[in-house]
Amino acid sequence: MRRELLLEKIETYKAVMPWYVLDYYQSKLAVPYSFTTLYEYLKEYKRFFDWLMDADLTQAPKIADIDLSTLEHLTKKDLEAFVLYLRERPSLNTYSTKEGLSQTTINRTLSALSSLYKYLTEEVENDQGEPYFYRNVMKKVSTKKKKETLASRAENIKQKLFLGDETLAFLDYVDKEYEQKLSNRAKSSFRKNKERDLAIIALLLASGVRLSEAVNLDLKDVNLNMMIIEVIRKGGKRDSVNVAGFAKGYLESYLAVRQRRYKAEKQDLAFFLTEYRGVPNRMDASSIEKMVGKYSEDFKIRVTPHKLRHTLATRLYDATKSQVLVSHQLGHSSTQVTDLYTHIVNDEQKNALDNL
């Protein structure tokens with residue numbers, strides 16, 4: 001979604017929200033949370049407040065009038081009823097054959113609500129220096145996680161990674177072979193964005209940054225001499241990220257055409273740009289996801305930018321056998337998250353079994 005459209009949608013949601021959600025929005029914007037994250041959270045709050053009104057758990061005539069007392073006095077049973085509503089809602093439509101929302105989607109909804117409740121009960125201060133209320137019912141609502149061993153998850157993910165020589169082979173394919181399959185009209189569009197697209201893919205494969213971190217990169221954040229980029233991690237922490245040397249040529253090629261091809265002026269700070277009717281804009285997450293999916297599907301298998309992050313992490317662990325180094329590269333505060341990569345590259349167990 002283009003940044004301008006995203007901001008418009010955010011303003012639309014803000015216009016119907018209670019004052020304390022607007023306070024929450026301002027607080028998280030200062031962290032800063034990304035606009036994409038805040039947009040998704042506002043969507044979840046709208047859905048939740050709509051349900052409160054439909055379920056007669058508030059007497060407010062509109063969402064903006066739902067008071068803090070309503071949230072404070074919701075019970076665990078109320079929240080469980082909301083979860084059940086999310087899980088079964090589509091099946092209530094006579095014309096729909098869909099199952100309920102996935103557990104992943106439900107968990108995301110509950111995560112958004114947990115963030116709001118934590119703000120209201122712990123983080124915010126009223127005139128007396130106290131939170132708005134103390135009872136956090138979200139702490140009593142459990143989420144169901146998909147049961148899967150690390151080994152099983154690693155095996156599933158491994159099929160969608162570009163390991164070994166495939167990392168550079170993927171870039172070479174986009175650079176030299178992809179165009180051969182295109183019509184003349186499609187070739188024109190491809191050639192216009194070729195350097196940019198290659199630079200994005202190379203950066204993701206060479207640094208392991210999150211999609212949102214790549215989207216929010218500005219020119220000032222990229223140091224090609226040192227091969228370091230500055231990003232805003234989750235939680236608003238600024239971090240310096242090393243970039244593998246193989247990405248340098250692709251990034252330099254893009255920078256050589258960025259200003260001319262995308263009509264960039266001094267005020268256009270975004271590193272990755274798109275151009276529509278002569279107006280440059282920051283390239284959005286959705287466009288990058290589609291671009292990565294398009295090229296990867298033609299090369300081997302359709303993947304997301306997050307799988308390119310997994311690719312870098314796996315290759316880095318394979319080369320160093322250091323979970324600490326990998327966790328630092330990815331911006332994680334502990335090595336627990338990187339346990340997955342030890343399973344992806346762990347061939348010792350298989351070799352031992354083969355020798356029995």
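Keep in mind that glycine also has a Cβ here, set from the backbone N, Cα and C atoms.
Counting only residues at least six positions away in the same chain, the Cβ atoms of Lys234, Pro305, His306, Arg309, Gly331 sit under 8 Å from the Cβ of Arg210 (active site). According to Swiss-Prot, the active site annotation covers Arg210 (among others).
What Swiss-Prot records for Lys234 (among others) is active site, and it gives sequence analysis as the kind of evidence. Lys234 (active site) falls within a helical segment according to DSSP.
The annotation active site is assigned in Swiss-Prot to His306 (among others). In this structure, His306 (active site) is part of a helix by DSSP.
The feature active site is assigned by Swiss-Prot to Arg309 (among others), with sequence analysis given as support. Residue environment of Arg309 (active site) contains 21 other Cβ atoms, counted within 10 Å of its Cβ in all protein chains.
For His332 (active site), the number of other Cβ atoms no farther than 10 Å from its own Cβ, over all displayed protein chains, is 17. Under the heading active site, Swiss-Prot lists His332 (among others).
Marked as active site, O-(3'-phospho-DNA)-tyrosine intermediate by Swiss-Prot on the basis of sequence analysis: Tyr341. Secondary structure at Tyr341 (active site, O-(3'-phospho-DNA)-tyrosine intermediate), as computed by DSSP, is helix. For Tyr341 (active site, O-(3'-phospho-DNA)-tyrosine intermediate), the same-chain residues that are 6 or more apart in sequence and have a Cβ closer than 8 Å to its Cβ are Ala154, His310, Ala313, Thr314, Tyr317, Gln323, Val326.
Residues annotated as domain 'Core-binding (CB)' in Swiss-Prot: 16-121.
Look at Swiss-Prot and you will find 169-354 tagged as domain 'Tyr recombinase'.
For the recorded site, His332 (active site), the DSSP three-state label reads coil.
Mean pLDDT for the domain 'Core-binding (CB)' (16-121) in this predicted model: 88. Its Cβ taken as reference, His306 (active site) is surrounded by 16 other Cβ atoms within 10 Å in the chains shown. Here the Cβ of Lys234 (active site) has 15 other Cβ atoms within 10 Å, regardless of which shown protein chain they belong to. Using DSSP to sort the residues of the domain 'Core-binding (CB)' (16-121) gives these counts of helix, strand and coil: 75 helix, 0 strand, 31 coil.
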